[in-house]
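**Q** Below, the features straight out of TrEMBL:
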- 134-560: domain 'Anoctamin transmembrane' (DOMAIN)
- 143-165: transmembrane segment (TRANSMEM)
- 177-195: transmembrane segment (TRANSMEM)
- 248-271: transmembrane segment (TRANSMEM)
- 291-313: transmembrane segment (TRANSMEM)
- 334-355: transmembrane segment (TRANSMEM)
- 367-389: transmembrane segment (TRANSMEM)
- 435-458: transmembrane segment (TRANSMEM)
- 525-547: transmembrane segment (TRANSMEM)
Amino acid sequence: MQKSLSVYDSDGSTFAPLVVIELVSETKEEAIAWLLNRVRDKQQDGGDGDGFLSMAECQYIIKHELDNLRAKDEAHVPGYPKMKLYPGKSVIRRMQSKGILVQVFPLHEKEELKRLSFSWFKKIKLSFQPLDDIRHYFGEGMALYFGFLEYFTLALIPMALIGIPYYLFDWEDYDKFTVFAGFNLVWCTVILELWKRLSASLAYGWGTLSRKKAFEEPRPGFHGVLGVNPVTGRAEPLYSNAKRQLRIYLVSVPFVLLCLYLSLYVMMIYFDMEGWALMIHDEEPTFWTGLLLFIPSIIYAVVIEIMNLIYRYAAEFLTGWENHRLESTFQNHLVLKVLVFNFFNCFASLFYIAFVMQDMVLLRQSLATLLITSQILNQIMEAFLPYWLQRRRNKKAHKRMIKTMEDKELPLSEQVKLEADMSTYLGTFDDYLELFLLFGYVSLFSCVYPLAAVLVVLNNVTEVYSDAFKMCKVFKRPFSEPAANIGVWQLAFEAMSVIAVVTNCALIGMSPKVKSYFPESETQLILWVVGFEHFLLASKFILTFVIPDVPKHIQIKLSRLEFESLEALKKRVKHFGKDKLQNLG
């Protein structure tokens, strides 16, 4: 249950509520009064100017203040003598962990959300997404995700257009796939470099391109002995880096290695199942035994998705237990853990088939089955499930509206109750992870299965509308996060593109036509392939430096802005110096 929400401030003036703090119904009045006093502590009169800050930015500021609300000299939460407080501990996190505070979430703005929904997903049309509107309502981090999703989909179209005729006319001609592999090599490098330029243009337009994180605040979950930050001079929790490193290398790393071993064990079971199905089909080839050949791959694809999901929660728990001070460091360690396992879990079997078994027919079949099965499962989880949740929520809203039929719109208290029941959006992590794996399927092995890009394009088009629907209708409004780029995911995609160069060069070297040029010496073939691969990697890194991350016209604007800022500072210092001399005179 929730405590009643008032739309009147302490001085009697009305205000538009931005963030809801939900407490359990039995919360004691002295605890509520104490929390309100702590929230209002050190408030000063003033404002940000009408329309200067978007609602998303205002909500982000509120969240930042709540996250940094830390205990001072209080021994316990008022009214709860057993709930001890320690100096420097996060007050909000402590109350959440003890079950007093249920949740904190920002409210939707109904009219603005209605306009965004109409321009975003209610009108199905061939057009670009309203990224500026998404940024204004959900923040830069969310807008950059949808911008990358749209860009990735458009970048796949050339691959799809080339892949369709290859699939239709050269299905069994493996040698001709070497041309497709060569196109892969150029494509995966160029699109990532062009994306950096596009994201820089978007971030510049939103005012976050030059955003610095030098003095990032400690994350809410960070704990330690209260001390003094040597840089800021402020009191904050301190935790030994040696203890953190011990936790990482003695617990987290062995756990990840154990999970990789289990993944390898499951992969070998899958190959045993493949051998069994092939043996049955060879003994008595029928339509049904032909279908049986696809069953092991389907089962393996489902198991991969389940293992990825379980590992995701384990990795999140471990990374939290490592007690990283900054949110950016926490995210980097979490992304690294998840990517290593997901890459191995999803692609190890394909590498084994390609380079150990060297069975291109099985590779094509396995890639197609893994890709199609994972997309079907994702669409069920991301499209059909949210639609069912939305219909269920609409029924609740209809029952509540029966009591207030005379009202033209849902009262604020009812809106808060309705949004409190909505699902919580857990961030763009899983969305980027899905795109990362799809990028891997396309860039690594699509030369063997050219329809991979076509399937990913169809998946991404559906993804745009299902993700937009979820954000507007299924999930609580998430707190916005300022961002200048897609962060560590850019490095992840670039690492995948390097692996793609090596993989495609190896596949080209395995082509019978290429092998025919080196009939007497396999060592010479390997040396030529390795040399060609090194040449391409060198070209890739040269291309990275040749193509600027920030477009020239934006670099000029940033330099001009910096120059004008310095000139204004000089004038200010000069004017201050004259005033000081006059006062002395």
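All residue numbers here begin at 1 and follow the chain in the order shown.
Glycine too: its Cβ is placed from the backbone N, Cα and C atoms.
Please treat TrEMBL annotations as automatic predictions, because they have not gone through curation.
As the structure is a computational prediction, the values presented were derived from the model and not from experiment.
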**Q** Do the transmembrane segment (143-165) and the transmembrane segment (248-271) come close, with at least three CB pairs under 8 A (pairs 6 or more apart in sequence)?
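**A** Between the transmembrane segment (248-271) and the transmembrane segment (143-165), which are separate recorded stretches, there is no contact, as judged by 3 or more close Cβ pairs.
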**Q** State, in range form, which of 248-271, 334-355, 367-389, 435-458, 525-547 has the highest count of Cβ pairs under 8 Å to the transmembrane segment (177-195).
**A** 435-458
**Q** Are the transmembrane segment (334-355) and the transmembrane segment (435-458) near each other by the rule of at least 3 C-beta pairs under 8 angstroms (pairs 6 or more apart)?
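**A** These two segments touch.
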**Q** State the non-local partners of the transmembrane segment (525-547) in its own chain: residues 6+ outside its ends, Cβ under 8 Å from one of its Cβ atoms.
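**A** For the transmembrane segment (525-547), the nonlocal Cβ contacts are 185, 189-190, 193-194, 197, 497-498, 501-502, 505-506, 508-509, 514-515, 517-518.
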